[in-house]
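For reference, TrEMBL has these:
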- 310-321: compositional bias 'Basic and acidic residues' (COMPBIAS)
- 322-336: compositional bias 'Basic residues' (COMPBIAS)
- 341-356: compositional bias 'Acidic residues' (COMPBIAS)
- 2-129: domain 'Formamidopyrimidine-DNA glycosylase catalytic' (DOMAIN)
- 279-393: region 'Disordered' (REGION)
Amino acid sequence: MPELPEVEAARRAVEEHCLGKKIKKAIIANDTKVIDSVSASDFEAALLGKTIISAHRKGKNLWLHLDSPPFPSFQFGMSGAIYIKGVAVTKYKRSAVNDTDEWPSKYSKFFIELDDGLELSFTDKRRFAKVRLLKDPAAVSPISELGPDALLEPMTVNEFTESLSKKKIAIKALLLDQSYIAGIGNWIADEVLYQARIHPLQSSASMSKENCATLHKCIKEVIEKAIEVGADSSQFPKNWIFHSREKKSGAFVDGKKIDFINAGGRTTAYVPELQKISGNQAAKVAAEPRKKTSKRKSGGNDDTDELSNEEEKIVETDQLKKGPKPRGRGKKPPMKRKSDDSDDDMAGDDNSDDDEVQKKTMKKTTTKQAKAEKASKKKVSSSQNSKKPKKAK
């Protein structure tokens, strides 16, 4: 999904090509799932005749400042993208609209034509984005609830280290939390952790000062490098895990095998040989008896996930401090979904509860069958006894 570099590339393209120009035409899609809390006709009327003064971004959100409110804002979701006709904005593959496609694209949700003939469109193939019309986008949700922007408002290394020391959550999950740092999504989190050689399930509070400083440096470097090439992933450094993270099976980076686990509710790529649990957490892992990974969970691969499963168990224990699961057929609580970060990389296909229910059902069925057979035998026996001739006295 689009993350900070992709959205920043869009902001810079708008800033370079659209500022000072007046909107002479607007077409807003009649799609209430994407166009939030305003009708298409009212949205269009609010844009016509307005001049674009500036373009702003925080995290994965972009908004246009016009010469008077209200202002259009864009939460990119899973596949949102800004396109300016004739301008190479970004080549984010999931959002790409081919040159041969109709213009504006059938996926366009927001389209404007400027007074010099330039045309801009916000598209969203998968319809998880949100386009809003707001008087002050930065003052209301979701932008008002974001943490410091990873590019514009970075913590100092000391602030970062101190903040991590107070967080017992796994580092990958923390980096995905937009209220902690805004703009880091799944691929950036995987990349910075790989570059820093930190395991995604390492407890944040257990990280050494050296690891905190290295991670702080890698966040800055990865984001700046991605922005430097206009979020064109084909130009990302060859030694980035990004290029292999979606292969899922048989993936390698610099000759090292990539494994995939669930961290922070997301499918996570990491290199076990380089990214190891450290500190007290490592001692806990070593003390735990290893359990062989089932083929159903590992996808039939080898047992390289074995250690990571134990690590995840320990982190979850540290985070949640839960007691033993209650027995019985209680309903499984619904999984919470974070806004904007939920995408097709979501993992967690755990069918253990379903298996348990199935076993109980089979047991009950077997018991019922046994009772039915027993009752049937009694009935037959009783019938046979009634048919026997009585003995003469």
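From the backbone N, Cα and C atoms, a Cβ is placed for every residue, glycine too.
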Residue counts (helix, strand, coil, in that order) that DSSP gives for the domain 'Formamidopyrimidine-DNA glycosylase catalytic' (2-129): 25 helix, 46 strand, 57 coil
Averaged pLDDT score, the domain 'Formamidopyrimidine-DNA glycosylase catalytic' (2-129): 93
